[in-house]
Amino acid sequence: MSETETGNDGIKLVMAIIRPDKLADVKTALAEVGAPSLTVTNVSGRGSQPAKKGQWRGEEYTVDLHQKVKIECVVADIPAGDVVDAIAEAAHTGEKGDGKIFILPVEGAVQVRTGKEGSPAV
C-alpha cells in the first residue's frame with residue numbers, strides 16, 4: 001500500500017478484523033516490521049460470510065455473527081502501509097471471512113506514565 005493511500009503524515013491507527021487463528025501470524029508479522037505494540041479484542045460480527053445454519057438437540061439455529069479478533073495498532077514512526085501489508089499478508093487465507101483493515105488518523109496521543117504527547121507517546 002502506498003504512503004499516499006494511507007495518508008502517511010502523523011499518527012495513524014491501523015485497525016484490523018481477522019480470523020482468531022491468524023492472530024499469532026499477525027503478531028509475528030507486526031513485530032518483524034517494527035510494530036510490536038498492539039491491542040487485541042475478541043469481537044463478533046458479520047461481513048460477506050453467509051450465516052451458518054445448524055441443528056442442536058433437534059432444534060434448528062442460525063449463527064449469523066462470526067467470532068473474530070480486532071487488532072488495533074497505533075503507529076507514528078513506521079509507515080501505516082507497511083503495517084497494513086504485514087497484516088494483510090499474515091491474515092490471508094483466500095477464503096471469505098479473512099477480514100478487513102482500516103486506517104484512521106489519530107488527532108493526538110498521551111503516554112500516561114511519562115506525560116509524553118504526540119508521536120513520542122506512541
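Note: Cβ is positioned from N, Cα and C throughout, glycine not excepted.
On its own chain, SER48 (ATP binding site) has LYS96, GLY97 as residues at least 6 apart in sequence with a Cβ closer than 8 Å to its own Cβ. Annotated ATP binding site per Swiss-Prot: THR39, GLY47, SER48, GLN49, VAL74, GLY97, ASP98, GLY99, LYS100, in sequence order, evidence recorded as similarity to another entry.
Per Swiss-Prot, ADP binding site is recorded for THR39, GLY47, SER48, GLN49, VAL74, GLY97, ASP98, GLY99, LYS100. Listed in sequence order, ALA16, ILE17, GLY47 are the same-chain residues six or more apart from LYS100 (ATP binding site) with CB atoms under 8 A from its CB.
Per Swiss-Prot, the feature O-UMP-tyrosine maps to TYR61. Residues near TYR61 (O-UMP-tyrosine) in space but far in sequence (CB under 8 A, at least 6 apart, same chain), listed by position: LYS53, GLY54, GLN55. Look at TYR61 (O-UMP-tyrosine): DSSP puts it in a strand.
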Cβ atoms other than its own within 10 Å of the Cβ of THR39 (ATP binding site), all chains, total 11
